[in-house]
């Protein structure tokens, strides 16, 4: 009798051969979208050659001596991502702390990288924790200069969310002292900016390929948002700005598809200074961004970008809860919504994320607890309304970082569950050792989950004197 493996081949692979086609039918159900076409790609699988040199050759006359056959499968391509309704919940809770320098005694490949400007971006299957490193680790001998924003050594790196950004764990994507990244459902788009202040360059990487560039237009520190860009239907939108840190800096948006710039968008409205925007989808039609004005006001410039018309407008947030740092007392700025008020010089990137519900929308924001220093971080929310015209105070929703702990940049992102999106806010907690020692950051993460009240704040647990 033939061996069982040869019996199987006898049944399915005759001398004429059989083409096996597997048709996969899939339905991607988005709560905000329908009629999404599922495309297919052809995959060929070749079975290994099996020699049939048996003792009794008469037993195998019906079987070809070579059993190599090609089987063609029609497999679904990954689909473009679209915003969906948020997962259920009414409060944020402490989700995760990434505090690399708690492991600062490790050396070699296990040493934590010295980083700043962390942010998180998510694809359908994973989230990545990004940051800008100084190409140095702690402990190490290259601490000098790690407090500077821009130099020739800085790189955009990432690890899988939940991993510690060590030398060994980190992927180095490109040289960059400003960065962003996003996933379109099929592939990652990475953004890095570096070069001299007077002629910086945006570089785009799609998957593993470097695909496009964009040159400085004001010759004054071209830079991007330091948080995730936003993709819908294969189009990804990136905020950039170029101009003085204490004067005019007009932003633009780049529309990017598969790693290549296909359109520039020039916002209208209150455009004097807009930088470091944190952006997300209010709906399948509109991207909204809460940004930083480092020159004129402690109010946040608020962008509405229509992805159907590729137009954008900027106005100041009207709320009496001022979100920048430094800032005046809440409610102290008089006049119309576009009034700048005082204490507008200087600023900080702010956290912002949407909670999309069937009957309403929630907008969640973060700001430092201190009005003058980068200390502490508190969460606020406002349901429905228009940030351009609503002057009401935002509702405080809990302390994420106490006044005793550093609260620097913050950002928003969304984790993709099976049928909904989970809104989250991340907080950069900087270990500021001054110019003489290392200068790096931990990341605290809070996400929408369950009900009740936000229960506990985050500490880094790092003592720089150790």
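Here the Cβ of each residue, glycine as well, is placed from N, Cα and C on the backbone.
Record features (Swiss-Prot):
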- 409: active site, nucleophile (ACT_SITE)
- 116, 150, 275, 276, 292, 374: substrate binding site (BINDING)
- 293, 324: Ca(2+) binding site (BINDING)
- 87-420: disulfide bond (DISULFID)
- 122-127: disulfide bond (DISULFID)
- 182-229: disulfide bond (DISULFID)
- 231-236: disulfide bond (DISULFID)
- 277-291: disulfide bond (DISULFID)
- 279-289: disulfide bond (DISULFID)
- 318-337: disulfide bond (DISULFID)
- 424-447: disulfide bond (DISULFID)
- 56: N-linked glycosylation site (CARBOHYD)
- 64: N-linked glycosylation site (CARBOHYD)
- 144: N-linked glycosylation site (CARBOHYD)
- 284: N-linked glycosylation site (CARBOHYD)
- 13-35: region 'Involved in apical transport and lipid raft association' (REGION)
- 38-86: region 'Hypervariable stalk region' (REGION)
- 1-8: topological domain 'Intravirion' (TOPO_DOM)
- 32-466: topological domain 'Virion surface' (TOPO_DOM)
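Recorded features from Swiss-Prot, shown on the structure.
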{"residue": "116", "record": "substrate binding site", "Cβ contacts under 8 Å, 6 or more apart": "131, 132, 428, 430, 439, 440, 441"}
{"residue": "150", "record": "substrate binding site", "Cβ contacts under 8 Å, 6 or more apart": "177, 194, 197, 221"}
{"residue": "279", "record": "disulfide bond", "Cβ contacts under 8 Å, 6 or more apart": "225, 227, 228, 229, 230, 237, 239, 287, 288, 289, 303, 305, 352"}
{"residue": "292", "record": "substrate binding site", "Cβ contacts under 8 Å, 6 or more apart": "274, 275, 276, 277, 300, 301, 324, 347, 348, 349, 350"}
{"residue": "337", "record": "disulfide bond", "Cβ contacts under 8 Å, 6 or more apart": "315, 316, 317, 318, 388, 389, 391"}
{"residue": "374", "record": "substrate binding site", "Cβ contacts under 8 Å, 6 or more apart": "325, 348, 368, 406, 407, 408, 430"}
{"residue": "409", "record": "active site, nucleophile", "Cβ contacts under 8 Å, 6 or more apart": "117, 118, 226, 276, 348, 349, 427, 428"}
{"residue": "424", "record": "disulfide bond", "Cβ contacts under 8 Å, 6 or more apart": "92, 95, 120, 353, 412, 413, 414, 415, 445, 446, 447, 448"}
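Secondary structure at residue 150 (substrate binding site), taken from DSSP and collapsed to helix, strand or coil, is coil. The recorded positions recorded for this entry are 122, 284, 293, and the Cα of 293 lies nearest to that of residue 144 (N-linked glycosylation site). Counted over all residue pairs in 116, 150, 275, 276, 292, 374, the record's binders of substrate, the longest Cα to Cα distance measures 20 angstrom. Counting every protein chain shown, the Cβ of residue 127 (disulfide bond) has 21 other Cβ atoms within 10 Å. DSSP assigns residue 87 (disulfide bond) to coil in the three-state reduction, outside any helix or strand. Taking 127, 182, 284, 420 as the recorded positions under consideration, the smallest Cα distance to residue 231 (disulfide bond) is found for 182. Long-range Cβ contacts of residue 87 (disulfide bond) within its own chain (separation 6+, distance under 8 Å): 417, 420, 421, 422, 448. For residue 291 (disulfide bond) paired with residue 182 (disulfide bond), the C-alpha to C-alpha distance reads 18 Å. On the 0 to 100 pLDDT scale, the region 'Hypervariable stalk region' (38-86) averages 55 in this prediction.
For residue 293 (Ca(2+) binding site), applying a Cβ distance below 8 Å and a minimum sequence separation of six or more within one chain yields 272, 273, 274, 275, 299, 300, 301, 316, 324, 344, 347.
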